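This report refers to the structure that appears directly beneath it.
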């Protein structure tokens, strides 16, 4: 059954037995012989052979020593020796290895095969998902690889304070090449040793759970590293094994191997991998990377028009599609508290519908068109040419009953060669004019205001969840560049300068405070969990966008130089109720407030009352006073008073 099948990590790999012996099991259909070697036998390549079984499986049992203890001590270095059918002798790491660490250049060994299970509390899915996407290794201002411990005690409190209730951990699955951003996986069951031990990661997850923070793993089942000595590639000496042979087994752009999803043992490996991260470490779900590449034989290389013929036909990889459905079914059936997210760019229909409905089964899908739209607007258009209708269309263009995760910018934009929103808006002046002591230039002023407005309107209108990549909340300067030959193996840009957001003398603190209060307001009103917003105004000349969601009225003025001292906006809320009850509006969040680097041009003591006067197809309306010069946004909360 699926339950036992997807727990194959309990038998495959290398395991200590209750009686003190050692049991090993591998799948290597292309091998002639298998042996286990390591510290325990002085690296003798033939002293401990595996026994050949049916269907390409191999089995090994080493009895306990004379003293009754395991002959392979905890922390031993191990490798599997494979004699291939082509006559090669290969030294490989078990695909099921639980802990892998480098000892010399381009060589890794299995070190800790016996992870200690720690209790992890799991809780219900949050109704409003506010995700902080993060990378443990760069989560420090210092130019080094940061640790799980550092993240647990220095970064988690910051995330909690910012109002995020979910973290999405990147680059956890072991990857030999640090600069791959964690997307060239070499050992699928091993938590990356460069940040610390498995117990350190479990502690991180436990502490996050104690803060009521959901923890998601960025899982990569769309492809695998081409490394053979420390990866899955050519594990048994053949071109296939876990992957398709020939051209179908290689991704031309990523230079990586592609799984054979129709293979029984590949399904065992991948499904067990998901169970392992949930049940051993306590992860609360997954963000599946590269789903578009999985869904199509062409791997999404090229553009999609949105025409439905692109989603149904021979170009769809049905084997991968079935694996995705099976994986989501298994996760949700065995762990209903877990959630799954698809990183998918083509717009495949029903991706976010349940398997029972004929969908792929994801809880959420990333709204990948939104960050592309903001970059396109900033790069190509003058402020006065911004199209309000097109912005609203992009933010609301999603299928009914499929949940989308909105985000203003992706982690790819932070990488060297691209630019974050803050860097595109303020560019070189971020080096000279972010101090509150220096003059507030028009470029910095415009950049600060638009950065806040773009993030708020994306948060409030763009989906049923929100995501931010670490550091972008305060407009992190510069770019992200991992150590590599091209930068002389420097860690200078492989870091996040969190201290900038804590410095009272720098303007980064304004963006950080706004991001926090934006999340806190959502936590209070829950607009992400509420029905789709009603947009009542998209005024192209005035550059005004008005919409209602979760008992909040959002008003955005994107005009670069036009102010509005009195402006009527429509609302559903009636002006008066029987028994002298009236609705009043007060400012709940104002991007022009001084604590956010604004100009304090709105009176927060003002109260606004709706009246039964239809406007913009809404039955009621109110007159907003205090619209002043430059770009700003604010939203109103309503309350009932006698």
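Here the Cβ of each residue, glycine as well, is placed from N, Cα and C on the backbone.
From the options 602-621, 622-641, the stretch TrEMBL describes as transmembrane segment is 622-641. Local packing around the Cβ, expressed as the count of other Cβ atoms within 10 angstroms, is greatest for 289 among the active-site residues 289, 343. Computed over the domain 'Glycosyl hydrolase family 13 catalytic' (142-499), the whole-number mean pLDDT of the model equals 95. In this structure the C-alpha atoms belonging to residue 289 (active site, nucleophile) and residue 343 (active site, proton donor) are separated by 5 Å.
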